[in-house]
Structure formats: C-alpha cells, structure tokens
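Everything below concerns the one structure shown next.
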Amino acid sequence: MPIKIPDTLPAFETLVHEGVRLMTETEAIRQDIRPLQIGLLNLMPNKIKTEIQMARLIGATPLQVELTLVRVNGHRPKNTPEEHLLAFYETFEEVEARKFDGFIITGAPIETLEYEEVTYWKELQRIFDWTTTNVHSTLNVCWGGMAAVYHFHGVPKYPLKEKAFGVYRHQNLQPSSVYLNGFSDDFAVPVSRWTEVRRADIDRVPDLEILMESKEVGVCLVHEKKGNRLYMFNHVEYDSTSLSEEYFRDVDAGVPIKLPHDYFPHNDSALPPQNRWRSHAHLFFGNWINEIYQTTPYELAKIGTGER
C-alpha cells in the first residue's frame, strides 16, 4: 500500500521519481481500510530532506499510511522556508488532541547543548509525555532518542573526544526481536554524532533492552517494552550522500573534520560513496510499521487505554 502525503509537498515529486508508491486524497478515500496514522515531529534544520528520507522508508511498506508533519513552536528553522512550514506542518497544539498509531521524533544538531539549554526543551518534554497516552508506538531518532531516554529514564549523554562519523559495523543482539526480523548478524549503519549513551547506564534500567550495538561506536538501538518506545541513536534513514554533504559542509566552513569512517571508496572523497545500509533501513522501518499494524487498536480512540 502507498503512503498518503499532500500532492504539493516537495517530497512528492522526488518520491514518485524513485518509484515510491504515493496516494492522493481521493484515492485514499476509495480504499475501505483505516490507514495507519503516523506523525513526524521534524526537528532537523533541513526539513524537506528529512521528510523525503522518512517518507521513502514509510512509503515502502505494504500498508496504507497517512503521514502528519509536526513542528515545535519554540524554534524557527533557518533552512526551511516559512511558507513550507505553514503549508505542510501542524504545530503540536494543533495535533495534541489526536491519537497516532506511530510517531517519529527526529534528531537535531544541538547535541553538545545540555538538554535544559535547548530553547524548546519544555515543549519537547510535553510531547514526550503526550506520546505515552496518545501514541501506540514511538520511534525516537539520534538526538531525539538520547533526549527521550534521558527524559523517561535519566540516562545521560556523554561528549565524545572526536565525532563518531561514518559507516560502522553493528551487531544484531536480539535476532528474535520483531524489529530485527530478517536482519543479518552484522550490518552497516551510518553514524553522525558528537555524543553517546553508554551500555552501563542502559543496563541499569530494567525496562530497556539493547537490540543493536557496535564495538566501535556503542549502543545503536534500544527497545522499551513497557512504553512501546524505540530509541535509535544512529541514522539508518540517511541518503547515500548525507555523510558526504555533512563532510564537505564542514570542510567548506573550515571546521576540523576527519573523513567519514569506511564511507568513501578507498577513502577518496572524490569518489561517490556506496550505500551499504539501504536494505536494513527498509527492513527496520517495515518491521516497525508491521508491528504497529499487528498491535494497534482498530479504533484510534482506544490508543493509550490498553484496549484493543
């Protein structure tokens, strides 16, 4: 089944070109099934790029999904036109009364700040708390994952001596997990962060289970059964060129940065990188969407009540 997004959203044309099945409002109405309601709280500066990355993966699943784009009020992004936000985004207040089958909270390039220093931290805390009653399953990504596991469990983040940056091998620690169905034992994941959460802190929380980990860059994916939450600290959703764009951006700005680990062929930044994580990114999002479909109440109003 396709994903339903506004026909005029910039991501629409890109995704059609890539072969992702999309659906218009009229086509959605003709299908006599309830589409899964997925919200995306987009905290990234370049919102359009993130919309494409997330919609590409969600839209590849065999279920009808309706995607709602959400933004915080406490911050105005510099890299996304105001007209785009007004046309395609809802504020949290505008969706607060709604229920969602799934909700994604993205990262943001503010990880070196203390959480309490973030201008929209109190609003984000409200959103985290709201997901416990209004969302069936929440996927918190990168900084969003670190912020969420700190908010709910007090798990701290630690600064790294140098940026974890590149494509790193990760291990499948729980092959029987529904979220890792079809995963290899060892696979590649893009990483781009200045901070980390540590296994020792996560192991102290009985409700948390580590699903993916790298020997080089640590914990990647954590599942919380009680709250039906996932904490993904890396970037399976990244495009083939995302890391190179970050690298050349820093080079052009004069920011000291090493070549991304195991990314450019022969460590030559003049050569186009090869995507070695795409299949597992699709697997992960497909597994997440499928688990939501299998377990969410048919009636949206029952989400958060414990009823099916």
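Cβ atoms here come from the backbone N, Cα and C positions, even for glycine.
According to Swiss-Prot, the protein has these features:
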SITE      GLU111  site 'Important for acyl-CoA specificity'
ACT_SITE  CYS142  active site, acyl-thioester intermediate
BINDING   LYS163, SER192, ARG249  substrate binding site
SITE      SER192  site 'Important for substrate specificity'
ACT_SITE  HIS235  active site, proton acceptor
ACT_SITE  GLU237  active site
Taking the mean position of the Cβ atoms of LYS163, SER192, ARG249 as the substrate site, which residues outside that list, in the same chain, have a Cβ no more than 8 Å away, listed in sequence order?
PHE165, LEU243, GLU246, TYR247, ASP250, ILE257, PRO260
Whole-number Å distance between the CA of the residue listed as 'active site, acyl-thioester intermediate' and the CA of LYS163 (substrate binding site)?
14
Going by Cα-Cα distance, pick out whichever of the recorded positions GLU111, LYS163, SER192, ARG249 is nearest to the residue listed as 'active site'.
SER192
So how many other Cβ atoms are close to ARG249 (substrate binding site), meaning within 10 Å of its Cβ?
11
Around the Cβ of LYS163 (substrate binding site), the count of other Cβ atoms that are within 10 Å:
19
Most distant Cα pair in Å, residues LYS163, SER192, ARG249 binding substrate:
15
Near HIS235 (active site, proton acceptor), which recorded positions out of GLU111, SER192, ARG249 have their CA within 10 Å?
SER192
Once the chains shown are all counted, how many other Cβ atoms turn up within 10 Å of the Cβ of the residue listed as 'active site'?
24
Roughly how many Å lie between the Cα atoms of SER192 (substrate binding site) and GLU111 (site 'Important for acyl-CoA specificity'), rounded to a whole value?
11
